[in-house]
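Undergrad: Structure in C-alpha cells, see below.
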Amino acid sequence: MVRILPIILSALSSKLVASTILHSSIHSVPSGGEIISAEDLKELEISGNSICVDNRCYPKIFEPRHDWQPILPGQELPGGLDIRINMDTGLKEAKLNDEKNVGDNGSHELIVSSEDMKASPGDYEFSSDFKEMRNIIDSNPTLSSQDIARLEDSFDRIMEFAHDYKHGYKIITHEFALLANLSLNENLPLTLRELSTRVITSCLRNNPPVVEFINESFPNFKSKIMAALSNLNDSNHRSSNILIKRYLSILNELPVTSEDLPIYSTVVLQNVYERNNKDKQLQIKVLELISKILKADMYENDDTNLILFKRNAENWSSNLQEWANEFQEMVQNKSIDELHTRTFFDTLYNLKKIFKSDITINKGFLNWLAQQCKARQSNLDNGLQERDTEQDSFDKKLIDSRHLIFGNPMAHRIKNFRDEL
C-alpha cells in the first residue's frame, strides 16, 4: 500500500484526512462535543442502539434535524434524508428532507439562482427554446409533471444540434449557467437532470472552444460535479447510475488534475466504483477519470517533476495500490477495446515505474502480460499487413515492460543481448 507522505499529513487537518481515508466523517460526539480520533475508530463498539468509543457513545441510528448534521462513524441512515458532502470540510452530512420541496402531487420545487434565470444576451438559433424553459421555471414556484414534460421536449429539440461544432459552442456560451444548475439540482427528477447533462456532454465532445470556455469561465464546476456524484451515489436510486455516468463523461471531457478536485474525490470515486460493481461501463468511466488525473499530474523524463508527481499522487489518493489492483483486473477483461487496454496499461505502467516496490503486481496480470507479449511480438514480426506506427509503438512498450517495469530489469538486458547475437 502506498502511504501518504508525512509532510502531506502535517499540512492537512486531522479531521479532513481521517474523513477522507476512512470513508466516513469524524465529528464531535453530540452528547459531549469531543472529537473522535482515527485511533478510536478501531475500537468502535456497537451495543444495542448505541455506538461507543472509550465510553463515549452516540446513537446507532442517525437522528436527523432540519439543519445539516455530521454523520458519525458507523451510523445508519433512515430513508428519505438529504445527504451532501460539505464543500468546506469534505465531511458527509445529512438532514431531513424539506417537505416543501416535493409535494404530494409530485411537483418539484426548483431552486435556480436569479443569475441563471437571466435571458441570454442577444438572440441566436436556440433563444426561443431556452426562453420557453426560463418561462416555465420562472412562472411556477413548483414544477408539475406537465411542466417537466415540456422541459424535456425542449431538451429533445436542442439535443439534435448540441453535437454540432458551431451550435454546441453557441449553446454553451449562452446557456451554460442554466444547464449546469439544472444538471446539479437535486430537487429535480433524474430524467430531467440527465437530459441537461447530456446536452452539456454533446456540446463538449470534440469541441475545444467549448472545453476552454467551461474550464476558464466556471472553474468550480468540476468540484460541484464531484459533490453531486457523492450525493447521487449515496441516494441508492435505482436509476442513479445513468446520471452518474453522465457526470463522469463530463469530467472525462474536461481537463482535470488532482488540484481541480476536492481532497475527498478519490474516496467518492472508489465508493462509486465499488457500489456499481455490476455496471462495467460505469466502472470503465471511473478508471478513465483516474487515468486522466494521474496522467495530467505527470511530467516525463524529469526527476524533479517525477518526485512532484509522486507527492501529488500520494496527496490525492491514499489507496493507489487499490486502484492499481483495479487496473490490473480491468486490463485483462476481454470485453474492453484496444484504446482502453492502452489507457489502463499505461496508467499501471507509470504507477509501477514511479512507485516501484510500493505497487504490487499480481500473478494473474503477469500471466496476461506474458500472453500479450507473445501475441504482440507475433504481430510485429508479421509483414503481411500495413503497419500502424502508434500500435507498433505501444506493442513494443508492452513487450519491454514485462521485464523492465513489471519484472527483473536484468532479464530484459539479457534478452536484448541475446537478440543482438
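Using N, Cα and C of the backbone, Cβ positions are placed for all residues, glycine too.
Fair warning: this is a prediction, and the values are worked out from it, not measured in the lab.
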Undergrad: Choose the correct range: of 66-69, 114-117, 418-421, which one does Swiss-Prot annotate as motif 'Prevents secretion from ER'? Give that range.
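TA: Checking Swiss-Prot against the ranges 66-69, 114-117, 418-421, the motif 'Prevents secretion from ER' one is 418-421.
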Undergrad: Return the residues near Asn333 (N-linked glycosylation site) by Cβ distance under 8 Å, restricted to its own chain and a separation of at least 6 in sequence.
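TA: Within the chain, Asn333 (N-linked glycosylation site) has Cβ neighbours under 8 Å at Lys280.
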Undergrad: Quick check on the glycosylation sites: of Asn181, Asn215, Asn233, Asn315, whose CB has the lowest count of neighbouring CB atoms inside 10 Å?
TA: Asn215
Undergrad: Looking at the motif 'Prevents secretion from ER' (418-421) alone, can you tell me the average pLDDT?
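TA: Averaged over the motif 'Prevents secretion from ER' (418-421), per-residue pLDDT gives 49.
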Undergrad: If I take the alpha carbons of Asn233 (N-linked glycosylation site) and Asn181 (N-linked glycosylation site), what is the distance between them in whole Å?
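TA: Each residue's Cα considered, Asn233 (N-linked glycosylation site) and Asn181 (N-linked glycosylation site) end up 19 Å apart.
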